[in-house]
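Here's what Swiss-Prot has on this protein:
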- 38-266: domain 'Radical SAM core' (DOMAIN)
- 56, 60, 63: [4Fe-4S] cluster binding site (BINDING)
- 100, 131, 191, 261: [2Fe-2S] cluster binding site (BINDING)
C-alpha cells in the first residue's frame with residue numbers, strides 16, 4: 001500500500017473516532033461533497049429475496065439463521081424460480097436497480113446452484129440487475145452463474161481479519177476473500193461489507209475499510225447490528241446514531257468513488273435517518289432484509305425524494 005493512502009486511512013479513522021459530536025459537521029460536509037462529486041444526486045436501490053432460510057451450519061454470532069441457535073427465524077428450502085421472479089418484478093416496478101438471491105448455508109448444493117442459475121437467467125430478462133449472495137463459491141461455480149447472467153456477487157467479509165474469529169469459527173476470513181477473488185477473476189462486479197456494533201473497535205473498522213479498498217470492491221453494504229434473541233449477540237447494546245453516522249463517513253472518505261450502501265439496522269438511526277446521505281451513503285437496501293422487516297419500496301422512494309435526491313433506476 002502506498003504511504004499516502006495508509007496515512008489518509010489513519011488520519012480519517014483517528015479524526016472520526018475522537019472528534020466530539022458537536023464538531024462532526026465538518027466531516028459530514030466533506031463526506032457529502034465527496035458523494036456528490038462521484039455519485040451526484042442519484043441514490044441506487046437494491047432489494048433481496050431470502051430464497052432459502054434457516055438451518056445454516058455456520059456459527060456467525062449475529063445471525064438468526066444458524067442451526068446452532070434457538071431463534072424464531074423461518075426455515076424453508078430453496079424457493080422456486082417463479083416465486084423468486086415474482087419478487088424481482090415487484091422490486092422493478094418501484095425502480096429498484098438490483099435484485100439479489102440470498103440463501104442460508106455455507107454454499108449451495110449442485111442442484112441448488114443450477115436452480116439459482118435458472119432464476120438469475122429469468123431475472124436478467126425482466127430488466128433488473130441480478131445479484132447473488134450464496135456463501136463460499138469456487139471459481140467454476142461463479143463462472144456458471146456469470147454465464148447465466150449474474151452481474152454482481154456479494155460476500156460480506158463482516159469485519160476485520162483480526163476480529164473475525166470472535167464472530168465466526170466455522171469458516172475463515174480467508175475463505176470469504178477467496179470467494180471474492182474468484183468473482184473478480186470472472187469479471188463480475190463484487191459487493192462486500194459487514195456488520196457494525198458487534199464488538200469491533202475503530203481500528204477494526206479502519207482495517208476493514210483498508211482491506212475493501214485494496215480488494216477494489218464496487219459496493220460496500222453497511223449493516224448495523226439488530227440484536228436477535230437466541231443469538232450470542234442478543235444482549236449487545238445497539239450503536240448510537242452518531243457512531244453509526246461516523247461509520248458511514250469513514251467508508252465514504254476512504255472509498256470515495258464506491259457505492260456506500262446502508263442496509264440492515266437503519267431504525268437505530270431514529271431521527272437521524274435522513275443524515276445517511278450527507279454522511280456519504282449513495283445506496284440503500286429497500287424492502288425486507290433476511291430475517292428483519294425493512295421499509296416498503298414506496299416509503300424509501302419518498303424518503304429519497306424528500307431530500308432533493310432521485311432514484312437511480314437505469315439498467316444499461
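From the backbone N, Cα and C atoms, a Cβ is placed for every residue, glycine too.
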Using the CB centroid of 56, 60, 63 as the [4Fe-4S] cluster site centre, which other residues of the same chain sit with their CB within 8 A?
58, 59, 62, 64, 65, 66, 104, 168
Return the residues near residue 191 ([2Fe-2S] cluster binding site) by Cβ distance under 8 Å, restricted to its own chain and a separation of at least 6 in sequence.
131, 152, 153, 154, 155, 217, 218, 219, 220, 221, 261
Cα-to-Cα gap, residue 56 ([4Fe-4S] cluster binding site) vs residue 100 ([2Fe-2S] cluster binding site), nearest whole Å:
19
Residue 63 ([4Fe-4S] cluster binding site): tally of other CB atoms within 10 A of its CB:
24
Let me know how many other Cβ atoms fall within 10 Å of the Cβ of residue 56 ([4Fe-4S] cluster binding site).
23
For residue 100 ([2Fe-2S] cluster binding site): intrachain residues, at least 6 apart, with Cβ closer than 8 Å:
46, 47, 48, 49, 130, 131, 132, 133, 152, 154
Other same-chain residues whose Cβ falls within 8 Å of the Cβ centroid of 100, 131, 191, 261, the recorded [2Fe-2S] cluster site, in sequence order:
46, 48, 98, 133, 152, 154, 219, 221, 285
Cβ atoms near residue 60 ([4Fe-4S] cluster binding site) (within 10 Å, other residues, all chains):
23
Given the model, what does the mean pLDDT over the domain 'Radical SAM core' (38-266) come out as?
97
